[in-house]
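So that you can see what the record holds, here are the features copied from TrEMBL:
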DOMAIN    92-166  domain 'FAD-binding PCMH-type'
BINDING   124, 125, 126, 127, 128, 129, 130  FAD binding site
């Protein structure tokens, strides 16, 4: 199965989003106290509000990096309730400069080596739950979000030591 883009504003995949009617019902019942309900159910990510990326990946790693606004906005926060509310308000002051989606261990090593040389922080991103804000970078310098979703297959099972390598 190929990579499917995550929703930039909440849980799930972009191609599985609730339709407008379902979003309106949810918003009316659960979100009205926290969100402006004005008929716009899911606004597009706020391109003009995202600061320009401060990094450019080297050509050899270009296939594993994304710098578009949608990818950066969808990885700026986790998907906890407070994160969804801030994202829907367009409150994205410090999105990642780049999102790295490695396909293999060597891709991870190469990305980490490059980030270190570029002086960029790296924040890992798994499922995005981030209940405690662990995917938010609170520093001031450039940063890369390391999205590990492509590394979701089992590579090896060690029955003796009860270890699984993914």
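The backbone N, Cα and C atoms fix where each Cβ goes, and this holds for glycine too.
Heads up, TrEMBL stuff is auto-annotated, nobody curated it.
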Q. Residue 124 (FAD binding site) has how many other Cβ neighbours within 10 Å of its own Cβ?
A. 12
Q. Under 8 Å Cβ-Cβ from residue 125 (FAD binding site), six or more apart in the same chain: what's there?
A. 75, 99, 135, 145, 146, 147, 148, 149
Q. Taking the Cβ of residue 130 (FAD binding site) as centre, how many other Cβ atoms lie within 10 Å?
A. 17
Q. Near the FAD site, what residues other than 124, 125, 126, 127, 128, 129, 130 in the same chain have a C-beta no further than 8 Å from the centroid of the listed C-beta atoms?
A. 78, 79, 134, 135
Q: Using all protein chains in view, find how many other C-beta atoms are within 10 Å of the C-beta of residue 127 (FAD binding site).
A: 13
**Q.** DSSP state at residue 127 (FAD binding site), helix/strand/coil
**A.** coil
Q) How many other Cβ atoms are found within 10 Å of the Cβ atom of residue 128 (FAD binding site), counting all protein chains shown? A) 20
